[in-house]
Amino acid sequence: MMTRWPSPAKLNLFLYITGQRADGYHTLQTLFQFLDYGDTLTIEPRTDGQLRLLTPVAGVPDEENLIVRAARLLMHAASESDRLPAGSGADISIDKRLPMGGGLGGGSSNAATVLVALNHLWGCGLSEDELATLGLQLGADVPVFVRGHAAFAEGVGEILTPVEPEEKWYLVAHPGVSIPTPIIFRDPELPRNTPRRSINTLLNCEFSNDCELIARKRFREVDAALSWLLEYAPSRLTGTGACVFAEFNTESAARQVLDTAPAWLNGFVARGVNLSPLKQALL
């Protein structure tokens with residue numbers, strides 16, 4: 001039976017870098033909220049134990065693709081604990097709408113959707129905590145997508161506290177460049193000592209992103225996109241970029257601005273949601 005699963009985008013409504021660990025990873029404080037917009041995974045369970053990605057990504061070997069890695073990781077973990085039914089396999093394809101290197105969490109979201117969906121379809125019975133622990137092996141952002149609730153994140157992004165930020169409308173714009181996360185995190189000018197603050201303090205401050213100035217300085221397309229958006233509404237970088245977003249109180253206000261976007265700027269309008277579309281699909 002063919003099944004379709006949402007793989008939603010996320011926004012970092014704020015992002016502050018509070019330090020750098022001895023292993024090179026940065027510690028941070030960030031606020032994750034999901035969008036009712038993203039990729040869609042189509043999964044058809046198999047009974048012969050085969051795992052096939054029907055929509056490979058050019059230049060990325062299947063075994064390095066996060067979708068395949070997530071499926072194999074679940075297979076291994078469930079098998080190790082005798083919770084993988086014999087013959088469990090799947091054909092997986094993706095309808096990709098989220099840009100790579102956009103700061104919307106596309107790859108992490110894909111991995112989380114695979115973990116959650118295959119755990120359900122195969123009947124493995126792993127708990128949400130177990131799936132989140134597996135997800136952390138694939139990327140720091142994967143656990144928040146597994147848990148599916150808007151969250152305040154600390155540590156390297158894996159210490160999550162559920163929160164309920166206002167569900168606004170967003171115009172998300174992609175300036176046509178891809179920004180690999182390491183480019184931003186390795187920049188010597190990146191702030192690395194923003195003081196840690198409580199959730200309540202941060203939620204009542206003006207939101208900002210410590211990566212934004214670096215992204216604007218190094219990528220003129222990001223600078224141009226933000227300069228344009230800021231004429232209309234409060235706007236920020238999400239994650240390490242390249243996408244930027246502006247917040248609105250209504251869908252119509254966001255669409256009105258999108259309709260005036262310059263030809264070089266791609267964008268979409270979406271609602272911020274505190275319960276992810278993936279989580280809603282399981283209810």
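Positions of Cβ are set from backbone N, Cα and C atoms, glycine also.
According to Swiss-Prot, the active site annotation covers Lys10, Asp141, on the basis of sequence analysis. According to Swiss-Prot, the feature ATP binding site maps to Pro99, Met100, Gly101, Gly102, Gly103, Leu104, Gly105, Gly106, Gly107, Ser108, Ser109, an assignment based on sequence analysis.
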Chain-mates of Pro99, Met100, Gly101, Gly102, Gly103, Leu104, Gly105, Gly106, Gly107, Ser108, Ser109 with C-beta within 8 Å of site centroid, ATP: Ala9, Leu98, Gly239
Out of Lys10, Gly101, Gly103, Gly105, which of these recorded positions is nearest Asp141 (active site) by C-alpha distance? Gly105
Quick one: of Gly103, Gly107, which of the binding-site residues has the smallest count of other CB atoms within 10 A? Gly107
Using a 10 Å radius around each Cβ and counting other Cβ atoms from all shown chains, which of the binding-site residues Pro99, Gly101, Gly105 yields the largest count? Gly105
Compute the C-alpha separation of Gly103 (ATP binding site) from Lys10 (active site), stating it in Å without decimals. 8
Which state, by DSSP, holds Asp141 (active site): helix, strand or coil? coil
Can you tell which of Lys10, Ser109, Asp141 has the most other C-beta atoms within 10 Å, given these are the recorded positions? Ser109
Compared by Cα position, which of the binding-site residues Pro99, Gly101, Gly105, Gly107, Ser109 is the closest one to Lys10 (active site)? Gly105
